[in-house]
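Asker: I have a structure here, written as structure tokens, and I will follow up with some questions on it.
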């Protein structure tokens, strides 16, 4: 029995050679990645079950389809899946449900994507028990299809300035929804354009002439029998995008559209029949749907980065180019140190992001329980943390995927690699659910408040995630991982204090708070990034420390060492005032050492994500490594190759050439 369970006899021998170098069981590594042996095994079982249903296979490669074909193909597969899904998965298990959708439809989006990821979670976190009894069961059974509509054409991150209104009329106990301007149109929500017949819509709630800010409403958009938009609803598709073109992101407008008072989601707030407003226990409790998505983004982005690295690492193991010592056979591209430096730090980040995501998801689940018990003390901590993570993780994921594409050379530019599609999907995360710079500044506000508490002698009030800001700095001992944490704490602490002092001094000089803040934002965002990267390192360390399987723990410890050395070098300018050049040279040498240590395990590390070829959709990243013959096969399937002479050539180019001969 091979340690790497991906080995098969028909594979490219170069890839088999790499897999035989592995020192750990890839199934056991998968158990660490996905949380347990049972969860990892269920993923494999689901993938295998899906592979046995031929109707769920793509009718042609996705890159050769236009938008309508992609949406139609996604809907066709969902209909087939709906007839089989309860025989394959436990439908009440969110993880199994998400995995089977990814397996069947890939990552380009489908009509139920936001239904599962945003609509249902919004009902779970925002609707009262009575409202859940009315709508949640129908949503889970897919009697209705919903989405989450918050972003507007003119406003996204600044929720306080949302223009769509819901005005309450006590005499009829109804809210009237209205879109007063073009910029007030809801814009971008996935599945809104053509698929959803319901939406959780976030609007500015007005009662007796007073604005109460953004609140979520359950709104029916289309007739359940005909799917025609209801009177007073303007809804449609916003057109092609950089990616996600298997989905129908849409626009939505209201013209004096009435909904019952009880359509306001009332788990945390309430409006009485007479218009009395009962406010939530915490100012940001209505943001829980956003916090939910941001809590999962680290894991989701880590998975996207992992897919790009599966492709790039496998391809680098079968692609031969140039010579080293052996002049008779070209060397594997993966043997070049530059290729390792390009890919392995991103591989470490993929693991780090996934492990960090586990922590934030656990914190979010605990927060929901606490809020139900009336305890909202953890809301500010988690809101700040997930804001920073959302920004740092999406940005670094985009960087890593682009490096993976370039590491594949010219073929990486082809849609046959599928990396460009992964990139387009991943970098969407830099702007949806909050623009990244704004997210960093939300965390920065929390850091500034924390520093101000310390300055006022109230350090005891600090949350656990920022307690290090009150600690005394020291010189790091780089002989242990804790020494790297000490170094990162010092840099993050120093930058947080530096940015806060700059902000406060500007106000002392006479600048208004707003202007002083704006003039400090570059330093503040730097503080947020350092704080977030520190948390990721600590989350990675905590996860590795709990692993029981020795071979798995050893290779992940090597990956962790690679991660901390790379991360520290990446921000070395912040370390110049307290670390010597000798220490920085040591870190650089350690980085190169761990590149060499990871090299034999690289293919097994990416195989451990256990992403099927069906989901990966990459010719370059095929499990069997038989790239070149399948690249030729893929190219021949291009619709342009259905005829030897294109109509455009016959109609325009041939006459042009004939005319030139006269």
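Numbering starts at 1 and runs along the chain as displayed.
Cβ atoms here come from the backbone N, Cα and C positions, even for glycine.
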Asker: To which of 190, 374, 378, 473 does Swiss-Prot also attribute binding of FAD at the site defined by 148, 149, 150, 151, 156, 157, 319, 339, 340, 341, 342, 410, 435?
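Answerer: For FAD, Swiss-Prot names 148, 149, 150, 151, 156, 157, 319, 339, 340, 341, 342, 410, 435; of 190, 374, 378, 473, the listed one is 190.
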Asker: Same ATP site as 341, 391, 395, 403, 526, 527, 528, 529 according to Swiss-Prot: which of 277, 468, 574, 586?
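Answerer: Looking at 277, 468, 574, 586, the one Swiss-Prot places in the ATP site next to 341, 391, 395, 403, 526, 527, 528, 529 is 574.
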Asker: Would you count the other C-beta atoms found within 10 angstroms of the C-beta of residue 432 (substrate binding site) for me?
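Answerer: Result for residue 432 (substrate binding site): 18 other Cβ atoms within 10 Å.
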Asker: Taking the Cβ of residue 395 (ATP binding site) as reference, which residues of that chain separated by at least 6 in sequence fall under 8 Å from it?
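Answerer: Result: 430, 436.
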Asker: Nearest to residue 526 (ATP binding site) by Cα, among 148, 150, 156, 339 (binding-site residues)?
Answerer: 156
Asker: Measure from the Cα of residue 528 (ATP binding site) to the Cα of every one of the binding-site residues 294, 339, 341, then give the nearest.
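Answerer: So, of the listed binding-site residues, the one sitting closest to residue 528 (ATP binding site) is 294.
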Asker: Among 294, 432, 433, 574, these being the binding-site residues, pick the one whose CA is nearest to that of residue 339 (FAD binding site).
Answerer: 574
Asker: In which DSSP state, out of helix, strand and coil, do we find residue 156 (FAD binding site)?
Answerer: coil
Asker: Cβ distance under 8 Å to residue 156 (FAD binding site), same chain, sequence separation 6 or more: which residues?
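Answerer: In sequence order, the residues whose Cβ lies under 8 Å from that of residue 156 (FAD binding site) (at least 6 apart) are 188, 431, 434, 435.
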Asker: Neighbour count, 10 Å Cβ-Cβ cut-off, for residue 574 (ATP binding site): what number do you get?
Answerer: 19
Asker: Could you state, as a whole number of Å, the largest distance between Cα atoms of any two of 148, 149, 150, 151, 156, 157, 190, 319, 339, 340, 341, 342, 410, 435, the listed FAD binders?
Answerer: 46
